[in-house]
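Okay, structure first, notes after.
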Amino acid sequence: MLQQVNGHNPGSDGQAREYLREDLQEFLGGEVLLYKLDDLTRVNPVTLETVLRCLQARYMADTFYTNAGCTLVALNPFKPVPQLYSPELMREYHAAPQPQKLKPHVFTVGEQTYRNVKSLIEPVNQSIVVSGESGAGKTWTSRCLMKFYAVVATSPASWESHKIAERIEQRILNSNPVMEAFGNACTLRNNNSSRFGKFIQLQLNRAQQMTGAAVQTYLLEKTRVACQASSERNFHIFYQICKGASEDERLQWHLPEGAAFSWLPNPERSLEEDCFEVTREAMLHLGIDTPTQNNIFKVLAGLLHLGNIQFAASEDEAQPCQPMDDAKYSVRTAASLLGLPEDVLLEMVQIRTIRAGRQQQVFRKPCARAECDTRRDCLAKLIYARLFDWLVSVINSSICADTDSWTTFIGLLDVYGFESFPDNSLEQLCINYANEKLQQHFVAHYLRAQQEEYAVEGLEWSFINYQDNQPCLDLIEGSPISICSLINEECRLNRPSSAAQLQTRIETALAGSPCLGHNKLSREPSFIVVHYAGPVRYHTAGLVEKNKDPIPPELTRLLQQSQDPLLMGLFPTNPKEKTQEEPPGQSRAPVLTVVSKFKASLEQLLQVLHSTTPHYIRCIKPNSQGQAQTFLQEEVLSQLEACGLVETIHISAAGFPIRVSHRNFVERYKLLRRLHPCTSSGPDSPYPAKGLPEWCPHSEEATLEPLIQDILHTLPVLTQAAAITGDSAEAMPAPMHCGRTKVFMTDSMLELLECGRARVLEQCARCIQGGWRRHRHREQERQWRAVMLIQAAIRSWLTRKHIQRLHAAATVIKRAWQKWRIRMACLAAKELDGVEEKHFSQAPCSLSTSPLQTRLLEAIIRLWPLGLVLANTAMGVGSFQRKLVVWACLQLPRGSPSSYTVQTAQDQAGVTSIRALPQGSIKFHCRKSPLRYADICPEPSPYSITGFNQILLERHRLIHVTSSAFTGLG
């Protein structure tokens, strides 16, 4: 019996640890401030008793997380504490400059792993190993970590990227309720026990934003579908569909209210996990539509009806066992829900097919009642296992990112906790074997490897003893003889053997192992393995059959004939698929047993863990009843002893968890030499201050040692800067030791170096920014000058093109004007032909004229319209020349020029006639002139030529014509 700290339920064996209760009472009376210790390394002295007292004090004060060096101890509160996991608290830990200085929390571990990924310190990939007994809170811890990363690792800038990140986050979080519904069950110790192991990779891109995730599962306990221990339940999903289905769905799935199913024990228990709507909504977010969901639930209902098929023993061995009368309805319903023919389903369960002889003759043998039950259970386990694997693949396809879109990952390992039940079989052996491997990983990585490395590197270190579980692992998986090898050998030999014979073989072959125990008082064949968490008795009955996990090929062929769309996808027909029966005389492939497959997958997992930086969270269960505010010291003490927590605290308090090689240390922190330049420029320095020397492979150690010393000389400067900023913890850093090949330091020293590096990088960034701004300014000026030059050239080119177009247009206009002027001259000549002949015939010929003068005069006469124009022009030829042209155009008789005088007053009045003015009244007979604009009196400005004058007059040519005419007359 267990002794309870608060005085309730005292046990008969409590005297063995009576001193613990006395120490506890003394603690409760005097050491009331012990609960304020956030790190167990500060407990003095570090013993199991003092650690236990500190944990209990913090548990009673509702403080459930405590640091133990590199490990976080998490106590299960067994009550909801919503304020402890709010998004605001997540952001507070994420935004804190030093989250390790806040209260211990699972978010501290999450933020530390996230910052390690951002720092790119090798190994960059991180892993968090959550371990503990069943019911200690491992699944809840993993769920909180996933929510934390979903909040802090998805902060893109653009709205579109934010929506994508939000969708990825929602899908990752929705994978939890689906996998818990199909993979978790209620056990004796835990209402939500994981019946499978899972390793979740949260994938991060180069900007450390979560782009996806991948889930890998290990060893689903599929036997729970058909076999549940006393006071335990089946998987949650079966209870969800029975309690949460609607009336129409109940009719469709043949699940009437209050129906009893053999594979659904304890249905009256109401658990928080029996929420059907949460599962359906999560499946919908993962891309599983409603018709597919209904198909899945229909198949699960078919499995429940399949479990109600009970057979009656046959009196004749040659006749198959017939189902009982009340099971015939279940046969019809199961066949209908699974899409199988009723008679074929019953026949495959009742009759076994045997192939024998060289010709592979087929024999049909009726099965006994026990074998019929086994084949029925095998059919159900096969369907459920395939369905679970299909769900995992759907989840991965929904949340997994492309390979080229992520570079690093953070792994979350959540496996079944250590189990010890009254009846333990192969499932418990594999589960405890996995816990032994994880414990060995912790021991090898932290307890043993660190101390051995201290000795190799030449550090002064006193070796601390610890509990090594290597003998237990040698017993389970050792070579050449171990428990697993003996069980696999029985499967390969395929010979009939009883449970007692297997027990004898194990006890005889492994008698020398200190971890193998005997229980001679037990009536059932069994053996005892002393695990790190305590001894466990395993029954050998059914051990070999479970390890074989035989699947009759006729059952697979039966499911390939199903008309159900889901089962058709789970069991596709492959004509190239090889049958399990091989012709005699040919070598058979080695039998792949359950233990072999589980061991191979576990080795792959450990390889991934070894390639990452591990972080450990130890979940502790305060009591086995799941009651809040109840702290059972015996149970907690056994868990502390099993996980080696005290040894971990000792090593963490005196050790150096940070180890960096000399080369990596110099590469990362060589910038700190800028804070103390005299170390690299003094007379004793081997290198000038111009920079680091080139490394030579032959003298690397001699090259790195002075550089490391230069970096260490900057520590006083960093300490002084930390003191100025008011950080007393960093002002007094823990010591640092330089080994032969590595530098060892504590977390506080690493934080101090990182702060100094950040300062130097900030200075370098400012220098680079200033240089970049100058360079950018010069580039902008150069580009501006180039732009101005290009613009000037373009403008010049455009101007030339414009002038060329104007010249071309002027040429076209000039030619058109010349053509038009010629037409007008011809038109005027035709109009005055008659007048010209008349004047020339009546004129006296007393004046002798030369031919040249006659031609010039004729030319002037033909231009008489110009006389009309010039008489009223404001600019042009002189007044005398103008009158001369007018006289020539009027064709007056050749005589004395003085006898014919042109009236200037009339000229000034704007009236010009080609005849002498009459002395009396006269009548004007006007007709429309063929000349355009002849009826408009021009009124030009003194300095412009407009209208008809602009078209007809060309100043230089008129002057030339009148000058020529005057010369001819002279």
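Backbone N, Cα and C atoms are what each Cβ position is placed from, and that goes for glycine too.
The phosphoserine entry in Swiss-Prot, when matched to the candidates Ser685, Ser850, corresponds to Ser685. Which of 188-210, 487-509, 602-624 counts as region 'Actin-binding' depends on Swiss-Prot, and there it is 602-624. Each residue in the domain 'IQ 2' (783-812) has a pLDDT score, and their mean in this model is 94. Residues Asn76, Asn190, Gly417, Cys619, Lys621 surround the recorded ATP site, their Cβ atoms falling within 8 Å of the Cβ centroid of Gly132, Glu133, Ser134, Gly135, Ala136, Gly137, Lys138, Thr139, which are themselves excluded. Remark: Gly135 (ATP binding site) has Asn76, Thr187, Arg189, Asn190, Asn191, Ser193, Gly417, Lys621, Ser624, Gly626 as non-local neighbours, by Cβ distance under 8 Å and separation of at least 6 in sequence. Secondary structure at Lys138 (ATP binding site), taken from DSSP and collapsed to helix, strand or coil, is helix. A simple way to gauge crowding: the CB of Gly132 (ATP binding site) has 24 other CB atoms within 10 angstroms, across all the protein chains here.
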